Amino acid sequence: MTADTVISCKNAWKIFGADPKGYLGSMPATHSFDDIRADGYIAGVKDVSIDVYRGEMLVIMGLSGSGKSTLVRCFSRLHDITGGAITVEGQDLMSLSEKELIELRRSKMGMVFQSFGLLPHRTVLENVAFPLEMRGQDKHTRRERALEVIKLVDLEGREEYFPRELSGGQQQRVGIARSLAIEPDIWFLDEPFSALDPLIRREMQDEFLRLQGMLGKTIVFITHDFDEALRLADRIAIMKDGAVEQCDTPDQIVLNPATEYVRKFTEVIDKARVVHAGVLAQAGSTGDGPPVDARATVQDLARLLVHDERAVIPVATDGKVIGGMDRAAALDILLETS
Amino acid sequence: MADVANGLKVTATGPAQWTRGKVAVALVAVAVVLTVLRYVGLLPDALFRIPEAMIPPAAVWLDAAFNFVKDDLGLLALTRTLTEGLEWLLDITANLMFGKRRWPFLGPIPWTAVAGVAAVIGYYLDGWRMAALGAGTFIWTALIGQWTIAMETMSVLMVAAPLAFFIGLSLGILAWKHAWVNRAIKPILSVLQTLPFFTYLLPAVIFFKVGPTAGAVATTIYAIPPMILMTTLGLQKVSPEVVEAGNMSGCTKWQLLRHVYLPSARTEILVGVNQVIMLCLAMVVLTAFIGMPGLGAKLLAMMGSFKLGRSFEIGVTIVLLAVMLDRMSKAWVVKQPEHFERDTPWWRRHWYLVTGVAVFVFFCIAAQVVPVFAEIGRTQNFSQGKEIDTLIKAFLALDPVQNTTQMIRYVLNVWILNPFRDFLLSIPTPAFILLVTAFALSLGGKGPAIYAAIFFGLVALSGWWDRSVITLYSVISAVTLAILIGVPLGIMASRSEKWSRRALLACDTAQTFPSFIYLIPAIMLFGVTATSVVMSILIFAMVPLTRYTIEGLRTVPPEMTEAADMAGATRMQKLISVQLPLALPTMAVGFNQAIMFAFFMVIVAAFIGTQDLGQELQRTLAGTDLGKNFVLGICVSLMALTFDLTIMKWATHRKKALGLPD
């Protein structure tokens with residue numbers, strides 16, 4: 001484990017059924033998801049090994065029932081895993097006592113839920129202050145802190161409202177504020193914007209990116225919306241039937257899908273919007289002339305790619321040339337011919 | 001019985017139930033043969049009724065068991081200790097409400113203060129109309145001269161209802177937390193809910209002294225079951241995400257329960273509170289039978305001496321109290337907290353509390369100055385008991401009225417009720433059990449049939465067979481009459497939105513009345529006779545029948561009635577072939593409730609003078625015949641449970657088959 005690994009998950013299993021532990025012990029290792037289901041068990045998480053690094057945004061993506069929500073609940077031990085091991089900040093999650101687990105959640109973890117999970121009988125302020133109240137902070141400090149985060153999510157003036165008096169987007173802002181109240185290091189978001197209508201969803205994504213730009217937390221974000229994943233992710237893990245099919249950067253997933261399932265998934269995606277110049281740059285022949293920025297997508301460079309006549313275009317990060325991009329290859333991506 | 005069984009069986013025949021139907025027919029055939037044999041005098045007496053010698057002395061055994069628990073295990077000592085604590089609480093409320101000379105020697109609270117506070121609470125909960133209802137109820141009670149007896153009743157209610165709430169809530173939480181508690185509690189609850197109330201009363205008297213303490217205990221126990229059920233239901237319904245949010249906020253188990261589960265289950269818990277209050281009121285009135293003073297005792301005395309005017313006035317008081325308590329607690333269920341702008345001063349946030357206290361203090365002081373505000377004396381009240389009495393009696397003495405009531409009484413008794421009763425009594429015990437089993441089999445299937453056979457077998461072994469049959473006869477005849485009136489009424493009301501709403505409101509209101517009330521009109525019209533018993537059951541049982549008929553018909557999916565319309569069905573065709581079949585499962589719930597209500601009422605009506613189990617039960621109250629009391633109570637419970645199991649099984653089965661929601 002490298003020093004900046006926050007969550008490390010090794011061969012984790014989560015099986016639902018009558019006697020999950022006994023079943024996992026006796027089950028042949030080659031059993032597929034459907035074999036397990038035929039035995040009357042459901043593999044929510046199936047032999048998953050994945051690391052989450054400090055400060056990155058890992059998006060777990062899959063269709064409903066693919067086990068993404070289950071996996072993130074294993075990370076926070078809302079579910080106990082059946083087999084394997086998960087460590088958070090070096091602590092083995094399953095060996096924690098109830099008290100230690102509560103302590104971990106009170107100090108390090110925050111979570112946002114799909115249908116908000118707000119307490120209906122508490123005002124916005126009381127909802128946001130709830131985690132602080134649970135850890136026994138006095139009324140004054142928790143009020144101060146709650147007002148601070150409420151301001152952060154742009155809900156000033158609504159402190160005394162009850163959840164039912166707010167729109168869906170506003171309710172989720174409360175959910176976000178609540179999860180941030182304790183200043184968590186690790187931030188779990190379980191399809192936070194799926195229950196919102198498309199326009200609001202877009203707005204909330206922008207808001208979320210703004211917050212992340214300010215806070216720089218370690219984030220595990222769940223979604224079933226590929227566009228959302230591409231917009232937000234540093235890395236994407238694609239799940240199917242409880243297992244992780246591929247975990248990589250958006251560029252790599254689009255360019256080199258590891259399995260047939262991932263390929264099908266990425267087929268409809270406009271690759272030019274995903275792939276960055278930096279990924280296409282190859283060391284060696286750097287070409288001549290003015291360089292392009294490594295962080296620009298192929299689509300950003302569309303006009304240049306069509307009009308420029310160089311075969312290899314230099315790519316630079318912060319003014320330093322890191323390699324050359326093959327113009328024909330980039331054009332192929334732009335024209336979806338590859 | 002045979003007619004009923006046959007009539008209902010028709011609905012259950014189908015290819016899938018063919019074998020079940022066949023078995024049921026065979027059972028009926030055997031029963032008929034047995035009965036015919038009896039008629040021609042060929043059946044030995046031992047097969048007609050179980051001979052005395054073979055009946056196990058269950059009452060004696062139970063008595064021995066009770067005595068063992070009571071004396072040897074020291075339960076009596078324990079309950080007598082509990083009694084002291086309870087008595088202390090009851091003395092406090094008694095002192096506050098009607099000035100009983102006990103600590104804290106503060107009361108009685110002036111009636112104007114109570115009425116004023118009721119108005120403020122009513123206004124807070126649901127505006128002016130509720131305020132008027134709250135104040136009006138208490139003003140009426142005071143002006144009519146029933147303040148003290150009403151407050152005697154209320155003082156017990158004020159102890160019993162919170163007690164039932166806390167016990168029910170705790171047990172509900174336990175049942176939700178631990179599956180085994182739930183499994184253990186479920187059957188006990190269903191027996192408790194069908195056990196006649198006389199069976200609650202006697203143990204209460206024996207273990208907790210006669211008077212308010214026993215009354216409070218019986219009332220509390222009676223009101224606990226729905227609280228348990230609603231608590232468990234509410235906790236199970238809390239959304240998993242809210243719970244996870246609580247967990248991620250670092251809640252300990254206790255914090256999770258206190259801050260997440262219980263507040264989120266608020267609606268169901270408050271519905272439970274409503275039911276607790278209403279059941280407490282119903283029961284506290286009935287505790288008159290064990291000498292609890294209050295509205296019930298007064299009503300009992302007045303009805304016994306045929307003082308109709310005063311009975312009527314007390315009836316109105318009880319109804320007003322019931323409606324007020326019901327409406328207010330229901331308004332509390334839907335009441336949502338309101339938010340205030342930041343920095344609203346304390347007194348504005350708690351405006352109603354401040355006003356309530358102010359009103360209370362004002363009237364307390366005013367009562368010191370103006371004595372009428374404190375208490376309305378005997379000669380000052382506006383009771384019109386005598387006048388109403390004369391009026392009602394004059395009305396009843398009118399020729400047309402008298403002729404009608406007498407004719408109804410004659411026709412009912414001579415042509416219908418008595419022959420039916422004699423017929424039921426002439427059926428040999430084994431044949432009767434077979435008929436009931438066949439009924440349960442054809443409607444509910446194998447499970448209910450087995451229960452029916454066992455339950456009625458136990459009733460036969462109890463040695464109270466004839467009285468049980470008479471009880472059953474009252475129930476069946478009253479419910480049948482109620483169906484004949486209530487169902488058409490419901491069908492008619494369901495035709496228009498407006499009338500459905502009105503009828504539903506009337507039924508809901510009527511359902512909040514304590515059962516005792518239903519005796520008043522019956523006694524008014526038919527005097528203290530057996531017809532009154534059937535009549536009071538009839539009125540009481542009609543309410544759920546009408547209610548569920550309307551609900552069943554109104555919830556038929558509109559596509560289906562539209563499809564029937566487009567197929568060119570007449571109103572009658574639509575009703576018979578589309579609406580009624582689809583409404584039947586819901587209506588069955590109404591039938592079931594009607595039967596349960598009837599079993600309840602037939603026991604209440606015992607004091608009019610019946611020959612059934614209720615009469616015997618009431619007699620046991622005079623002594624300490626705990627064993628016999630239990631045997632009788634269990635007999636009623638077993639019969640009621642048979643119907644409950646069978647009909648509910650059929651209803652859920654049918655709903656599933658029709659694809660209707662539960």
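Heads up, the Cβ atoms here are built off N, Cα and C, so glycines get one too.
The transmembrane segment annotation in TrEMBL covers B:105-125, B:132-150, B:156-176, B:188-208, B:214-235, B:276-296, B:308-325, B:351-374, B:423-441, B:448-465, B:582-609, B:629-647 (among others). Taken from TrEMBL, the feature domain 'ABC transmembrane type-1' covers B:150-329, B:468-647.
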Message = Given a Cβ distance threshold of under 8 angstroms, which distant residues of the chain, six or more beyond its ends, lie next to the transmembrane segment (B:582-609)?
response = 11, 193-194, 196-198, 286, 289, 300, 304, 471, 474-475, 478-479, 482-483, 486-487, 515-516, 518-519, 523, 528-530, 532-533, 536-537, 540-549, 551-553, 555-557, 560, 615, 617-618, 636, 639-640, 643-644, 647-648, 650-652, 654-655, 658, 660
Inquiry  = Using a Cβ cut-off under 8 Å, which residues of the same chain at least 6 positions beyond either end of the transmembrane segment (B:308-325) come close to it?
reply    = 118, 122, 133-134, 136-137, 140-141, 144, 146, 149-150, 153-154, 277-278, 281, 285, 295, 298-299, 302, 383-393, 509, 512-514, 516-517, 520, 523-524
Inquiry  = Below 8 angstroms Cβ to Cβ, which residues of this chain, lying six or more residues outside the transmembrane segment (B:132-150), approach it?
reply    = 98, 111-112, 114-116, 118-119, 121-122, 293-295, 297-298, 313-314, 316-317, 320-321, 323-324, 327-328, 375-376, 378, 381-383
Message = Are there residues at least six beyond either end of the transmembrane segment (B:276-296) with Cβ under 8 Å to its Cβ atoms? List them, or say none.
response = 146, 149-150, 152-153, 156-157, 160-161, 164-165, 168, 197-198, 200-202, 204-205, 210-212, 214-215, 218-220, 222-224, 226-227, 314, 317-318, 321-322, 325-326, 329, 512, 514-516, 604, 607, 618, 621
Request  = Report the listed stretch (B:105-125, B:188-208, B:351-374, B:629-647) having the maximum count of Cβ pairs within less than 8 Å of the transmembrane segment (B:448-465).
outcome  = B:629-647
Remark   = For the transmembrane segment (B:105-125), the distant same-chain contacts (Cβ-Cβ under 8 Å, at least six residues beyond its ends) come to 94-99, 131-135, 137-139, 141-142, 147, 151, 324, 328, 331-332, 335, 352, 355-356, 359-360, 362-364, 366-367, 373-376
